[in-house]
Amino acid sequence: MFEDRPDRDAEVVLVGRSNVGKSTLMRELTGHDFSTGGKPGVTRQPNHFDWASESFMFTDLPGFGFMSGVEEEHREAIKTNIVRYLEENADSILAGVVVMDGKAAVDIIDRHAERGNIPHDVEMFGFLEDVGVEPIVAVNKTDKIDDLDERLDEICDRLGLYPPWQQWSDQIAPICAKRGDIEALEECLRTRFHEHNRDDLLKFVS
């Protein structure tokens, strides 16, 4: 089980496959450095960054899926803990951000689907909806994508969102975390905070 979670009333969680840039995105959102690396699965426990006075925090949950040098049993345990964390804290989670590698996501999703498996990203997107947390998809590494609109349409299609992607701009956020280009995600988060009557949190995404 994950270590103790800080007792906060409001939270934004980052979820996604290993090595999609969640820790880099967490750094851009908080201004605080976290462990990052090219080796998938560096983050094994949640990273929390909180503001006690507002009872608010960002949480980077461990990556799921392939992790080099990590046994399948341990990967499954991490996934189980992620699911449990989201279930137990759904009432305080204002937004669940599913971070994807924009260049690789469609191929990975299609490869799993062809094997008859539910792709992890699609499963997590649906799971967040099931527990009452409206997901935001942060499509990262846009600097590596040739035709961004086409790729975002394809991702929407895989998630069951009817293209064009622009009509889902409150849920689909193209970003490039390593370049600090996260404005589309911040706009989505501002919308969520306002919907939850937490305009006091807008300063954290401005």
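Placement of Cβ uses the backbone N, Cα and C atoms for every residue, glycine included.
For reference, Swiss-Prot has these:
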BINDING   16-23, 41-45, 60-63, 140-143, 175-177  GTP binding site
BINDING   SER23, THR43  Mg(2+) binding site
DOMAIN    8-195  domain 'EngB-type G'
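On the structure: features taken from Swiss-Prot.
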residue: GLY16; record: GTP binding site; Cβ contacts under 8 Å, 6 or more apart: LYS22, GLY63, PHE64, VAL98, VAL99, MET100, ASP121, MET124
residue: GLN45; record: GTP binding site; Cβ contacts under 8 Å, 6 or more apart: PHE2, GLU3, PRO62
residue: LYS141; record: GTP binding site; Cβ contacts under 8 Å, 6 or more apart: VAL20, GLY21, ASP101, GLY102, LYS103, CYS176, ALA177, LYS178
residue: ILE175; record: GTP binding site; Cβ contacts under 8 Å, 6 or more apart: LEU25, ALA138, VAL139, ASN140, THR142, ASP181, ILE182, GLU183, ALA184, LEU185
Based on DSSP, name the secondary structure state of LYS22 (GTP binding site): helix, strand or coil.
-> helix
Including all protein chains shown, what's the count of other C-beta atoms within 10 A of the C-beta of PRO62 (GTP binding site)?
-> 23
Looking only at DSSP and grouping its letters into three states, which state does GLY16 (GTP binding site) belong to?
-> strand
Inside 10 Å of the Cβ of SER23 (Mg(2+) binding site), count up the other Cβ atoms and send me the figure.
-> 21
